[in-house]
């Protein structure tokens, strides 16, 4: 039952993602408008960000990431941990060596994840 | 289920059952402690080794209620064996356990998004739910204002604000539990043909699309109930800026671990001395009160000496668990996994493997069980295989004994560092380094494949509650003493028997044990162990040491107490060993115990957790080979260096 389901879930996730992007819910704006970085508004991946940068999640695309998980699984786990379209993220800390893993503030909580997997998260800076 | 009324526990005299469900780090265990106090016990779920915490309390309406603390999870879509238990229990799929009558979902009020998504999933089960809105004090301090009434209306679930660590709101929660159970009974009465506990289970594994729908629902609920989102914890952010700093983070972590091992020695010294004196007194009193003979020998040499030599390590084990509980409850444990993820990645391990490995310092059994939080099978197996290389507290007695006998008690580096503590640290480091080396080899040969992704919440720092720490320590003490009182007690009697029978023939020379079964066994094994410098007394002690490592010390105590006469009996075991063993023999035994042949409980847990005899046998083979090799090299090299 899982393979066909996750296949369709994946399609559903990667294609319509940009459409439901812009409406971040009204309740989440904890001091987000302060000092926007210079690259504001530009689309990129969470894995490319550095300490102090802020962004809004616009979609998930796990095809960019090598993972031992079945298709669609990484996306579902990320959603369960709060990485979902509209979530505000900020890179709080970087690990050592190689500035990896990342400690990312997501709305009200903090998540540790590796750069490699963070490349599955599409974001808009600012 | 046609006879619903009869099968409803409230009508059967079986106490109604409540399950605590929630994300990790929501204060679930603190709430469990607040509800049950010390009336709780830890056991394993039948068939699996996930710890099952059960407690009881009396509700305000006078009902005796049983409460289960389920492993924390973010989703019912279980990804690890731990989470599977939670899923199966709440879904009523668990064979050995009826589904809970009421679920108390615990949510961190400062971080409602992830928690509410789980609540929505749980609601699909169609069972009565109560939402305990925990950590309300922290939420208020951060300016986060949640309207509990609006939240309850939007969710369609009763909501009770609580501060579990201060036991605030517990009465409100108890009253709500009574109301929910009453409503449940009332619901059932008019429609005996209906499914139990209201609506049928509508849960199915959510797709990514369903998960997004849940999140949208959560956002609309929050829009109605969250008056002010508040500010994230500034203190946590500042502390992390230092503790996760690229240059400071790792050195600080190693400093914490180093202090931990120094403290295990320094803090435990006084209580251990007291236990030692107390045991000596009991032994003397029993010796004076009883007539010479078998009974006296069994009591003083077998039971008191044997069990006593294990109980004496209780202070050290408690200090170690004190630190582990501290690291867990402050939130630093997750930081340690964050800091070590890259380094552990170097040998192919998951950062999350740190937690099982650190727990293995206390005991490999909970450590191997904690590996359940690692979702990927290859990662999990690799972690399980190296976990016993971490120096468990059962090895402490052996290390302590030999160090006390052979390492002088003085300080080095200008009085800053105790030499004995330094040697201990070296032994721990040897275990860690060899574990990393073993992981490196395993991940490049047997367990190839990409690493499991790291997606781990870093909870806000918080001060641990002394009450919860105390309950946690009591639980560990109880488990340790229960072991000393059962397994070890039985082995001590068996060993005493082996060491006392058959009695030495009249006029025989040498100590009596030489002629006993134990002596025969030891002498039979001795040639095998002679190349690594072990005496036949060590050979005897290693056999019961398979049951539990710390028993080896007790066994040595018995072997020497029985084989020596006169003054040596009253002297401490350490003194006896210092006189009897060469330094290379002592070093060789230390090296042996770094890689020690595992205790039986570790092996049985490995068998259960991997569900295969094969991995258990692989573990025995590779660790015994390592232990023999290391002891051989140590003995030969140190003999050559010392001219022995």
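From the backbone N, Cα and C atoms, a Cβ is placed for every residue, glycine too.
Listed in TrEMBL:
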- B:15-183: domain 'FeoB-type G' (DOMAIN)
- B:248-270: transmembrane segment (TRANSMEM)
- B:303-327: transmembrane segment (TRANSMEM)
- B:381-407: transmembrane segment (TRANSMEM)
- B:419-442: transmembrane segment (TRANSMEM)
- B:479-498: transmembrane segment (TRANSMEM)
- B:518-539: transmembrane segment (TRANSMEM)
- B:546-563: transmembrane segment (TRANSMEM)
- B:583-606: transmembrane segment (TRANSMEM)
- B:613-635: transmembrane segment (TRANSMEM)
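Counting Cβ pairs under 8 Å to the transmembrane segment (B:381-407), the stretch among B:303-327, B:479-498, B:583-606 with the most such contacts is B:583-606. Each residue in the domain 'FeoB-type G' (B:15-183) has a pLDDT score, and their mean in this model is 86. Spatially, the transmembrane segment (B:583-606) is not adjacent to the transmembrane segment (B:303-327); fewer than three Cβ-Cβ distances between them are under 8 Å for residues at least 6 apart in sequence. Using a cut-off of 8 Å between Cβ atoms, the transmembrane segment (B:303-327) and the transmembrane segment (B:613-635) share fewer than three residue pairs, counting only pairs 6 or more apart in sequence.
Among the recorded stretches B:248-270, B:419-442, B:479-498, the one sharing the largest number of Cβ pairs closer than 8 Å with the transmembrane segment (B:613-635) is B:419-442.
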